[in-house]
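Only one structure is covered here, and it is reproduced in the block below.
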Amino acid sequence: MTDTIAEHAAPDLKAGTPLVEMEGCGKSYGAIRALEGVNLTVNAGEVACVLGDNGAGKSTLIKIISGLHPHTEGTLRVDGKERHFSSPRESLDAGIATVYQDLAVVGLMEVWRNFFLGSEIRKGKYPMAPLDIKAMREIADAELQKMGIFVKDINQPIGTLSGGQRQCVAIARAVYFGARVLILDEPTAALGVKQSGVVLKYTAAARDAGLGVVFITHNPHHAYLVGDHFIILKLGRRVLDKKRSEVSLEELTTEMAGGQELAELSHELKR
Amino acid sequence: MSSSVATKPSAPPPKAAAPARTQRSVLSRVLARPEVGALAAAIAIFLFFYAVAEPFRTLPAFATVLYASSTIGIVAVGVALLMIGGEFDLSSGVAVATSALAAAMITYQFSLNMWVGVIFSLVVALAIGFVNGYLVMRTGIPSFLITLSTFFILQGLNLGITKLVTGTVATPNASALDGFDSARAIFASDIPLGFMTLKVTVLWWFFFVAVASWLLLRTRTGNWITAAGGNQASARAVGVPVPKVKIGLFMGVAFLAWFLGMHLLFNFSSVQSGLGVGNEFIYIIAAVVGGALLTGGYGSAVGSAFGAFIFGMTTQGIVFAGWDPNWFRTFLGVMLLLAVLVNLYVKNYAAQRK
């Protein structure tokens, strides 16, 4: 599994070099400010965890990096160059792959078509060039097996796989296409304990291969297993930003559960 | 760095022995195709008319059925791809008339070569398709509403402009114009096969279905069409240019509507301005009978051909059987219901086999 990731990781990645840097980044949807003043650095070979409750701005943050919605304030630098992604394609071309919790795959399409969607292998460059279906089937099958995912039939619709398997196919796809930065949006939210473990192992493996990983979650336990750097968002603002050495799991958990507010609440509710 | 991590990563899980691959049987895979239900229904309806209507059994009758099917199937194949791409087009029926009227009137009024009118109307048709697609993608309003508006706009324009230009509700006879015969050869000629005479539209229909099938199953564009209809957000997130794909699909429907419009113009020499109204539903039904999901992301081009064939057989079969044509719509409805039921039954059966 680790070998697969190392095999496809970009060779020029050096642990510690910043891949994505956000400075004072924010996003407004009309009058609503979903995110403001966020600083985030994703280094090669590190996992940056972004934690937050529902509506904290986690999704907005990754949508900026993955090119779904461009930011409206602050700067975003990728590999040292300032960027303003206006489509997911641009972000993908910059080596940023995103695995979404809800919109990872197209359920009615075959596993192999999903694996290669948007990056199909063709027998030629002309507009109506046929797909190299045989090669795509074989590669998809081999890559999935290498990651320990065994599907009954590579031609079956991906909707027939379990949620965890679908998530893993999406990660395998991102890794295969040579991502430099991997964004995982709540990868463990819909999964059982065992499947979460598999996803967390992939996350660690991707980090060890030198990729920069952004791990979005609302589960501090999962985050603390793999994270090197933790950011907690609340109502679009950053309320905690600490390295692993500066923070304990208890602190993360308390902060996630509401921190000071929770303490006040418990005082209020005391009988 | 990994020393600071609680889990000891990078120990790959013991490679489990790959479970034996079960390749589904050929029958299961065939039954899982979207068009197989329509094929079954088409065979059933064919046998039915073959049994009850004696004139239906002759080859010329079969040629007539194929011709009737082709006039539906040519547009239906485009509509099927559009529906797989997750959108509707209610303006496809009147766009046929718009194309034919535009070609006839511009050529006649300015005494041009017929081919100028053919090209002009192609540009008009593609512009209609582009506007449909652009508005749907730009505004995010459901295509049902956008194309319903286009439908009304075009219906009014067809009648209004024709009345304004010619003073009547039909175009003048165009058969004496330069280039009419060469255009007719392409769009509306008869092909004698000895045992029967086939309209050229039948061949064009087969050609368009073959191209569409290939496009859908064998090219990157086809992958993108299915993905855009199956899950637009996912498709966009992995870099599929969804707006381009969908605008292209709307323009594809418009192109095929133009093609049928050209056929009608050169077949009948004159075009009624009220032509084509109501046919948009027939195209959609042909696509749905052929296995296209109303919600997008699933369907086939060949299926739309079976759907069109069912329509062609029913419209002609009623005539051949000598039944009262007043009952036509009722009979059509029953046939459709049966076709959809057979479709559903086959799909469920295929799903259970898996």
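Here the Cβ of each residue, glycine as well, is placed from N, Cα and C on the backbone.
What TrEMBL lists as region 'Disordered' is B:1-20. What TrEMBL lists as transmembrane segment is B:36-53, B:65-84, B:90-108, B:115-135, B:141-161, B:193-217, B:247-269, B:281-314, B:326-346.
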Would the transmembrane segment (B:36-53) count as touching the transmembrane segment (B:326-346), i.e. at least 3 C-beta pairs under 8 angstroms with sequence separation of 6+?
yes
Which residues of the same chain, at least 6 past either end of the transmembrane segment (B:247-269), have a Cβ under 8 Å from a Cβ in it?
71, 74-75, 77-79, 81-82, 85, 87, 89, 92-93, 95-100, 103-104, 118, 121-122, 124-126, 128-130, 132-134, 136-137, 173-175, 180, 183-184, 187-188, 201, 204, 208, 221, 225, 275-276
Count, for each of B:36-53, B:65-84, B:115-135, B:141-161, B:193-217, the Cβ pairs lying under 8 Å from the transmembrane segment (B:90-108), and report the range with the highest count.
B:115-135
Among the ranges B:36-53, B:141-161, B:193-217, the one whose Cβ pairs under 8 Å to the transmembrane segment (B:65-84) are most numerous:
B:193-217
